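All remarks here apply to the structure that follows.
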Amino acid sequence: MNIFEGKLIAEGLKVGIIVGRFNEFIGSKLLDGALDGLKRHGVNLEDIDVAWVPGAFEMPLIAKKMAKSPKYDAVICLGAVIKGSTSHYDYVCSEVSKGIANVSLETGKPVMFGVLTTNNIEQAIERAGTKAGNKGYECAVGAIEMANLIKEL
């Protein structure tokens, strides 16, 4: 029996990060977490590119551009969609999650979903580095593991 697990050694990996400007306060905290996770596992700062987009809805297009490039081993999408009083939240969350998943499947590269979908700002703050950890950090570690697993298979 063969068992494959992606290692958490990131030296030499090149990572693209996409961050939504909408709810930038949250996106910036998620970015800080992702950068911390990548650096702690050995990614050099010069091997990380950050692209800012207007909001979560624009992420799949840039994720596809990055994932199709041989320059990147993994892509991380970060942002926050916070529920309001209309159905807009439902449409954005659904399309962004599908779009990001499709990019990963189409390109064969890990594209991590670090877009918080919360009912209120408090939940977003909790997941961006306070009570509930930092989803950006978690996505960075996941990206490292998946990039290495893909290389192993």
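Glycine too: its Cβ is placed from the backbone N, Cα and C atoms.
Features as listed in Swiss-Prot:
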- PHE22, ALA56, PHE57, GLU58, ALA80, VAL81, ILE82, PHE113: 5-amino-6-(D-ribitylamino)uracil binding site (BINDING)
- SER85, THR86, ARG127: (2S)-2-hydroxy-3-oxobutyl phosphate binding site (BINDING)
- HIS88: active site, proton donor (ACT_SITE)
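DSSP assigns GLU58 (5-amino-6-(D-ribitylamino)uracil binding site) to a helix in the three-state reduction. Nearest by CA distance to GLU58 (5-amino-6-(D-ribitylamino)uracil binding site), out of the recorded positions SER85, THR86, HIS88, ARG127, is HIS88. Counted over all residue pairs in PHE22, ALA56, PHE57, GLU58, ALA80, VAL81, ILE82, PHE113, the record's binders of 5-amino-6-(D-ribitylamino)uracil, the longest Cα to Cα distance measures 16 angstrom.
A straight line from the CA of ILE82 (5-amino-6-(D-ribitylamino)uracil binding site) to the CA of HIS88 (active site, proton donor) spans 10 Å.
Cα of ARG127 ((2S)-2-hydroxy-3-oxobutyl phosphate binding site) to Cα of PHE57 (5-amino-6-(D-ribitylamino)uracil binding site): a distance of 20 Å.
For the binding site of (2S)-2-hydroxy-3-oxobutyl phosphate, formed by SER85, THR86, ARG127 according to the record, the largest Cα to Cα distance is 23 Å, rounded to a whole number. Nearest to ALA56 (5-amino-6-(D-ribitylamino)uracil binding site) in space, judged by Cα atoms and limited to the recorded positions SER85, THR86, HIS88, is HIS88. Counting neighbouring Cβ atoms within 10 Å of each of the binding-site residues (ALA56, VAL81, ILE82), the lowest count belongs to ILE82. Cα of VAL81 (5-amino-6-(D-ribitylamino)uracil binding site) to Cα of HIS88 (active site, proton donor): a span of 10 Å.
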